[in-house]
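Visitor: Feature table excerpt (TrEMBL):
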| type | residues | note |
| --- | --- | --- |
| DOMAIN | 19-319 | domain 'ABC transmembrane type-1' |
| DOMAIN | 352-587 | domain 'ABC transporter' |
| TRANSMEM | 18-38 | transmembrane segment |
| TRANSMEM | 73-93 | transmembrane segment |
| TRANSMEM | 151-170 | transmembrane segment |
| TRANSMEM | 176-194 | transmembrane segment |
| TRANSMEM | 264-284 | transmembrane segment |
| TRANSMEM | 296-317 | transmembrane segment |
Amino acid sequence: MKHLFALNKYFLKNKWRLILGLLFTAISIVFSVFQPIMVRQIFDLLSHNIDEYRLLSDTPLKGAFRADFTHVLAFYGVSILLFALLSGFFLFLQRQTLIVMSRHIEYDLKNEVYQHYQQLDLNFFKMHRTGDLMSRITEDVSRVRMYVGPAIMYASRTLFLIVVIVYLMLQVNPLLTLYTLSPLPLLALTIYFVNRIIHRKSERIQAQLSNITSIAQESYSGIRVIKSYVQEDASAKHFEEASEAYKISSVSLAKTDALFQPTMALMIGLSVILTIFIGGIQVIAGNITVGNLAEFVIYVNMLMFPFFSIGMVASMIQRAAASQQRINEFLQIEPTIRDEPTAKTVDIQGGIRLQNVTFTYPHTGITAINNFNLHIAPGQKVAVIGRTGSGKSTLAQLLIRMYDPQEGKVMLDGHDIRYLQLANLRGQISYVPQDVFLFSDSVANNIRFGDPSASLQMVQTAARQASVEKDILGFSEGFDTEIGERGVTLSGGQKQRISIARALIKNPDILIFDDCLSAVDARTEKEIIGNLYAYLKNKTAIIITHRIFSLFAFDKIIVLDEGKIVEEGTHDDLLSLNGYYSELYARQQSGEDESVTK
Ligand SMILES: Nc1ncnc2c1ncn2[C@@H]1O[C@H](COP(=O)(O)OP(=O)(O)OP(=O)(O)O)[C@@H](O)[C@H]1O
């Protein structure tokens, strides 16, 4: 339960909706209890006067008596209808306030979780599965909404109704009240347990359903692999097995559901029979009137749903508490990469220095950068080369402060980047990642992501510089062509170049290209490098690559191995070292490596 306290701030924010909702609930209940009271009065009126009326002979007096009776009955009928309408109207207002409040809280909570996710650092996303992150923002928030809306609504209604009705019952006859109410706690308890069973079964069905969905999704995405390996039958069998498990669970839930309603009807029936039996004895004994008995039968019926909802509300709260606990777990995680209180903004010129930097990935213990020193002057172009896993991408991640090193300092123009505002730092660096990511949006908007205020002309220029303009103009809708599942399917090279255009349009002082030309052919690569040459004139650039671009006059080339610089210098310096670089160069020259850019 204590996990739900985290929601109190939202109740406070919506206090007027909550107060009004509770008030409307109380008013609706007051109007609803007029019905049994009036029914009692009608019954008593009839039972007291009917014998007298029957004894009258057919005289005008009997006619007048009947007319009076009819008027009184009509009056009660209209009054009951009026009170029912009023009660219904306030019930409507109650839902309009409490359920609306729950939707507002759901909206705020979703945004809070989403915004918190945005603050968290990469390590968090590495450690949690995407499905888990998504289910906390969707399913868990929905379960919490059941607590802040329906559970509060049913609980308050139940509480008010029980207080008012039990008070009215006790006024009539305490003993009959006791007998009448005795089966109801059993009803609440049964509902609670049955609800738990139903919930457990529903959860299992839900998990099986998402399993079926992911099997289907995976086989549609991998349909080419399935067909080329002639695995259609195996894939269908796999799906059938998952469907079979789902069917078994669904049937089992249907059986429990089928038992649920008759059990309820039995309990309600028992309560009514008990009321009539004990009440009848009390009427004969002269302790209560026939009207009281009728009134009690209505009370019992009115109390059924509230008692029924006790069990329902209890399991709703239990589920919401478990969900809120999962949400709180994430909300309580503090981002480790964040602005220091004294963080400043600076206009970066492009000088980079790494001083004795050591970085170990926290969750794997792999030391990717080891006692690393590097200096890049503003405007220099540096190539970073090295075997796979040598730490090249990690170096890029450290420069944009996706991670903080455990030892040493990363500095830009002499400022330790830990003390620069993150938005200021990242706003002045363009990073083109190795694994390209494009959004399901138009080509233009994907490029504009680097500068949302960019004009179409700027988008076109960036696309030209990244040598992808011709490809884009070849699409049916040019720059407005949609990318993604329902849009055009881009080649790996086209994606890489759009991603480069996105980085260029940002017009930063520092650019980091992380092996982002791996999927383009040698001719296009030459063209891009030619364009970049002019673009990068006064900018600092780090180009991480597996290949040697001998066309590009780098100020410095560094070769990494196991997180350390093992070779450093210009192209000619490195060739004379006869190390990894010259070996790679020789391999490329001899044409062993087809991707060589000569
Ligand atoms: N997110 C991560 N979590 C844990 N370990 C990682 C992570 N990313 C990389 N590593 C490890 O750190 C080391 C350096 O990886 P890095 O990606 O920096 O190499 P790289 O030189 O860029 O390789 P490649 O050329 O294949 O991209 C590797 O041993 C890798 O397994």
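Cβ atoms are placed via backbone N, Cα and C, with glycine included.
Heads up, TrEMBL stuff is auto-annotated, nobody curated it.
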Visitor: Apart from its near flanks, which chain residues at least 6 from the ends of the transmembrane segment (296-317) lie with a Cβ under 8 angstroms of it?
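Guide: Apart from its flanks, the transmembrane segment (296-317) reaches 1, 4, 32-33, 35-36, 39, 143, 146-147, 150-151, 154-155, 157-158, 161-162, 165, 168-169, 172, 176, 180-181, 184-185, 187-196, 199, 264, 268, 271-272, 275-276, 279.
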Visitor: Give residue numbers and ranges for long-range contacts of the transmembrane segment (18-38): same chain, 6 or more residues beyond its ends, CB-CB under 8 A.
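Guide: Cβ under 8 Å, 6 or more out: 11, 76, 79-80, 83-84, 86-91, 93-94, 97-98, 101, 152-153, 156-157, 160-161, 164-165, 168, 294-295, 298-299, 302.
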Visitor: By Cβ distance under 8 Å, which residues at least 6 away from the ends of the transmembrane segment (151-170) in the same chain are close to it?
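Guide: Residues 18, 21-22, 25-26, 28-30, 32-33, 36-37, 94-95, 98-99, 102, 176-177, 180-181, 296, 299, 302-303, 306-307, 309-310, 312-313, 316-317, 320.
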Visitor: Average pLDDT across the domain 'ABC transporter' (352-587)?
Guide: 89
